[in-house]
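One structure is given below, encoded as structure tokens.
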Ligand code: ADP
Ligand code: ZN
């Protein structure tokens with residue numbers, strides 16, 4: 001304990017970050033949050049899944065005297081975290097019911113000896129009277145540096161995961177008011193945030209809210225048809241890595257996982273019908289990369305921390321937008337590109353509507369219907385999916401995200417006025433006494449017995465709609481309902497009724513435009529994260545490094561991502577480090593990982609380079625990763641050079657930010673430094689030449705000293721980022 005480092009042992013927080021976790025830069029508000037925590041202030045951290053919340057309490061815990069107590073709701077979650085921390089050489093442990101008495105004793109002893117920096121506990125243990133003596137003893141001997149409350153939304157009845165045990169946590173502030181508390185959650189709703197603050201009795205907490213936009217996730221909605229299973233199979237085959245498939249029922253889960261296995265995909269089911277042990281085993285197989293796909297009901301998800309899930313597919317309709325955000329959010333926590341797909345069909349809508357009608361409480365039914373409508377709106381919409389999701393959380397987003405189906409492959413509006421007239425007149429001929437399916441049957445000339453009995457085959461609209469499929473007619477009907485050009489009774493029978501709008505359409509007073517799903521089979525998106533930007537040799541090397549990682553992980557019984565994240569392996573494949581200095585410049589390589597894995601990985605890389613005739617990177621100082629004699633290069637850091645390498649490969653700045661899991665602002669700082677050191681940067685790719693000209697002129701006029709002054713000169717249509725880039729170029733030339 002005496003030799004444990006403190007904040008004074010490091011020249012900067014960044015140095016501590018690299019030492020313990022191997023990362024070069026902080027993300028989002030991590031730095032500000034950590035600074036605040038180190039001042040012993042209460043903090044409320046709201047960050048989307050994968051944002052990097054854990055680091056916010058872990059790093060301060062390592063830089064302060066005493067132990068930080070982390071409250072975490074699930075045993076699996078704690079075990080995961082502790083495993084990852086230990087692999088970074090950090091003294092962490094947990095106490096829970098899975099331990100024997102002897103193990104518990106040994107851990108308590110280590111705690112009191114000051115050998116532990118982070119202790120993970122479930123809330124019920126922390127609050128149980130039998131635990132308090134140990135807590136007090138800890139406080140009096142080694143000291144408690146902070147309480148961190150993970151998944152803090154569990155304290156709120158308004159959240160979707162309320163846990164009564166969390167309610168007791170208010171006593172922490174009563175009993176030990178001097179100990180700072182950090183509460184962390186990914187919950188997006190304001191109501192829950194307020195509740196957390198109040199329930200935990202936080203003292204003037206500083207609240208940090210990161211945006212909820214998950215830039216690395218690609219969203220898409222596909223129509224559900226009879227071929228959906230084949231499409232699912234194709235989706236899984238065409239993307240690498242692990243994935244989750246969500247279904248509404250256990251039956252569907254079993255069916256899909258069975259079929260996938262038959263089709264050669266390694267898949268396991270997960271639902272509440274399996275016993276706890278089977279569930280635990282299936283989950284573990286997934287986390288360890290022994291099985292690629294988990295097919296699950298919504299019972300699966302919370303409590304898994306797997307950062308490298310590459311796709312989440314909703315085979316059936318999500319329940320609410322919020323639950324969709326959370327479930328799809330389990331993809332790409334590591335910041336690498338990942339795909340989120342929903343298969344949307346009206347059959348599911350009918351199923352969900354039926355389930356809703358079975359609810360006993362009317363108020364509940366109303367809320368559920370409204371939530372369903374939001375989901376349908378999301379699925380049917382032709383505008384940016386991200387914009388819809390974020391606006392649901394009160395975050396304004398301009399749209400045009402370039403990473404959803406609607407933005408990449410816009411659905412054209414089609415004039416369906418004539419079809420709408422046919423449909424509405426058929427509703428009228430059927431005397432406004434039937435629902436959608438019957439109307440479509442009449443239009444398509446069905447020979448159904450009931451229809452013939454009613455004599456509807458003699459209506460003038462009978463058989464006039466055979467030129468469109470059932471699905472297309474349904475889309476039209478839904479769209480008419482949406483646009484309020486048609487009404488539907490809400491008595492559970494959904495009888496179609498004409499309204500004022502319908503008559504305007506029938507009288508040819510207004511046209512009807514609808515978005516018809518007829519997307520081209522392949523969209524431009526569908527990210528193959530690992531293969532992008534890697535050459536053939538690099539991809540081969542990546543494959544070998546993956547196998548090595550898997551072997552090392554199995555030897556230690558840990559999941560592969562605990563050894564290294566995908567992004568670290570990719571960087572290795574690209575930079576080919578064979579010396580310890582070059583290896584330690586890889587993001588994710590801290591002190592401990594270098595000691596533990598440096599040699600095996602660099603050897604593997606060296607062998608690969610020899611057998612493939614490639615030049616390895618044998619840099620002997622971690623500040624240079626290439627042997628280029630370029631002047632000024634010595635002042636550049638490895639992270640800046642990585643940015644440079646990606647720029648030269650043609651990535652845009654935001655792609656580099658996503659690729660590296662860093663803020664755009666950080667990447668721009670790198671580029672500024674690169675230009676200052678005369679590295680080749682293609683400014684035309686970063687700022688269009690037409691915009692460069694006025695910025696150069698403004699700098700000539702008011703000088704380069706103050707960004708503010710330059711911006712004032714240019715006006716609000718110019719943003720600081722582009723000004724910074726052009727200024728850096730100007731300065732490098734003067
Ligand atoms: P959350 O709890 O917010 O969902 P995690 O704490 O699990 O997110 O972090 C998600 C991933 O991001 C982890 O793999 C973590 O190691 C990584 N990460 C966190 N902070 C950084 C950083 N500053 N640089 C690079 N990777 C980071
Ligand atoms: Zn979009």
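Positions of Cβ are set from backbone N, Cα and C atoms, glycine also.
Nobody curates TrEMBL annotations by hand; they come from automatic prediction.
Of the candidate ranges 570-591, 592-613, 614-635, 636-657, TrEMBL annotates residues 614-635 with the feature region 'Disordered'. Per-residue confidence over the domain 'Helicase ATP-binding' (34-206) averages 91 (mean pLDDT, predicted model).
According to DSSP, the domain 'Helicase C-terminal' (228-376) comprises 71 helix, 28 strand, 50 coil. Across the domain 'HRDC' (535-615), DSSP assigns 61 helix, 1 strand, 19 coil.
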